[in-house]
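Look at TrEMBL and you will find 1-23 tagged as signal peptide. Annotation comment: TrEMBL describes His412, Asp464, Glu473 as active site. Annotation source TrEMBL lists region 'Disordered' at 514-535. If you look up TrEMBL, you'll see 515-529 marked as compositional bias 'Pro residues'. Under the heading domain 'Carbohydrate binding', TrEMBL lists 533-613.
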Amino acid sequence: MGSRTTISILVVLLLGLVQLAISGHDYKQALSKSILFFEAQRSGHLPPNQRVSWRSHSGLYDGKSSGVDLVGGYYDAGDNVKFGLPMAFTVTTMCWSIIEYGGQLESNGELGHAIDAVKWGTDYFIKAHPEPNVLYGEVGDGKSDHYCWQRPEEMTTDRRAYKIDRNNPGSDLAGETAAAMAAASIVFRRSDPSYSAELLRHAHQLFEFADKYRGKYDSSITVAQKYYRSVSGYNDELLWAAAWLYQATNDKYYLDYLGKNGDSMGGTGWSMTEFGWDVKYAGVQTLVAKVLMQGKGGEHTAVFERYQQKAEQFMCSLLGKSTKNIKKTPGGLIFRQSWNNMQFVTSASFLATVYSDYLSYSKRDLLCSQGNISPSQLLEFSKSQVDYILGDNPRATSYMVGYGENYPRQVHHRGSSIVSFNVDQKFVTCRGGYATWFSRKGSDPNVLTGALVGGPDAYDNFADQRDNYEQTEPATYNNAPLLGVLARLISGSTGFDQLLPGVSPTPSPVIIKPAPVPQRKPTKPPASSPSPITISQKMTNSWKNEGKVYYRYSTILTNRSTKTLKILKISITKLYGPIWGVTKTGNSFSFPSWMQSLPSGKSMEFVYIHSASPADVLVSNYSLE
C-alpha cells in the first residue's frame, strides 16, 4: 500500500504543474446546462415555459403571515430556504456575466434564458422591498428546514419572513441587493426601459438605506448566522453597491463615494485571495480598475490606482506570481475550504476572465512580484479551472451534473433526490423523507442538470454520497459567475470588447507542446474474429518533472454491437501509475461505480498516468444482452 500510495500522490501532485493543451469540452452545452439549473431552483408559481419539468409550484404563501407577498425568488442550494444575501449576489454576478458577455450569450441562443433567470430574482427583490427602508432578507429558517427532507412543493416547515429596517439595519444585505438591482437595470436597459428604471429606483433607495442605517444584517436576522454569516462586515457591500450604481448611472456621486471611502472602508487596503457572497473586495477592486482603464478616474486616480493594485495582486495570486498565493489542489483546482469550495473557483475564474480582457484592451501585461503575466495566460488559467470542473481532473469526474458521463448522481438536494411531485404526489413527511429518500444509495430520480456541486477536497478526492453535503450540495452562486466564463471561452481567442468599442483584442493562445511519446505497436485482434468491443488510446498530456517525463493517457472503450454490454472485464498490463474511471475487481477491471452497463453504440472513458508507453489494454471477458 505504501509504495502505491506514494506513486499516486506523486503523480497527482504533478498534475498541478500543467494545464491541458487541448480541451475537447463542449462549452456551449455546459453553458446551456448551467443556465437551466436556475429553473430547478425557482420558488413560486412556475411559468408555462418552465423547462425543468420535474419541478412544480412551491412557496405560494410565502410572506402572507407578514402581510407581504414574497412568492418567488430562488432556493439557494439543496434546501428550501430563501436567503437574501446569497440570492442577491447570485443575481449581481449573473448580471455581470451578461453585461460583459451578452454578445456571446446571444450568439449561442442563451441570452433570453439568462435574462429570464435574472428577472426571476429581481421580481422577487421588488416584492421584498415594499418601503424605502424595509427589505425582507429571508423566508424560512435553516434550523427547521434542515430538520426535514421534503420536496419544496409540499414543505411543512416554518415559512416565517425576516426583514431589516431602520431599527434593525443590514447594510450588507441592502448593499448587495442594491448592487443586484443596479446591475440588472443595465441588463434591461434596452429590452425593457421602464422595468430598468424601476430597478434603478429600488437600487438608489436600497443604497441610501444601507449607507444611512449601518449595521450587519445577521445581527438583525439572527437565524441567518449559522448559514450565511457576514464575516466581512458591510463596508465591502457599500463599495460594491456604489461601484454598480456608478456603472448603471454614470453619476459622479457614486464615483466620489468610491474615491472618498476607498481607504477607510478597505477597498484599497484589503488584498484578497477570495471573492464570493460574503467578501466583495476583489470584485470592487476589479470594477474600479475597469473605471481607471477607461480613463474615468479623474481626481480620484491616485486612490483608484490603489484599488487596481489590490485587484492585480488577486490576479497574480491565482497564477502563483504573488507573495501570497491562492492555494490549489494537486490537480490544479483553486482550494479555499472543504465546504462548497467550487463557489470560489467560479467567482475567481470570472474575475480573471474579465480582467484578461481588460488588460488586452489596455494593451499591457500584468506586472506581478514574481514575474509578469500576459492577458492570454490569465484567460488560460480560467480555462484550466473550467476544464477541471468539466472532467479534466485526476478522477476524470465532471462536477457539473448532467455534463459528461461521470458526474455526481447522489446530489445533496431535496428536490432532485425525491421522486417528482408531478409523478407521485404521495405526501413525503418531514422525517420520512430522510428515511425513504435521503438514505437511498441509488441515483437521484431527477437529474439536477447543470448544477455545480461543492467539488473535491484539498487532495482532489470526492465522494458521491447524498449525506456528503460539503461536496455534493450545489448552489446558485456557484453557477452565476460561470455563465460569463463559459460564454467567453466559447468565443476562443477572437474576444469581444466591452471597454473600448471598435477594438477587438486577439490574445495569443498559450499552446503547450507535448513531449514525444514513446511508441508501442498496437495489438490487433485476429482478422477472423473482430471484437464488437473496441478500445482506442491516446496521449492527452505530458510534462517533465525531475528529469522524468509523465504521460496522461485517455482510453475509450466502445460497444459497437447492436446489444447492451452487461458484463465487462478488462485486462490491463504494463501499468505503472494510478488509473481513474474503472473499478478494480481482483486482477481485472470493470465498469466504474456509476455504470452498470453500456448501451449499443455508446462509449466509456478511463484515464491513467505513468512515465512509460501506453499500457496494454484488452477486453478479457464480456456479455451482451
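Glycine too: its Cβ is placed from the backbone N, Cα and C atoms.
In TrEMBL, annotation is done automatically, which means it is predicted and not curated.
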Return the residues near Asp464 (active site), defined as same-chain residues 6+ apart in sequence whose C-beta is under 8 angstroms from its C-beta, sorted by sequence, else 'none'.
-> Pro408, Arg409, Gln410, Thr472, Ser593, Trp594
Would you mind checking how many other C-beta atoms are within 10 angstroms of the C-beta on His412 (active site)?
-> 24
What does DSSP give as the helix, strand and coil breakdown of the domain 'Carbohydrate binding' (533-613)?
-> 0 helix, 51 strand, 30 coil
Cα distance, Glu473 (active site) to His412 (active site), nearest Å?
-> 5
State the mean pLDDT for the domain 'Carbohydrate binding' (533-613).
-> 85
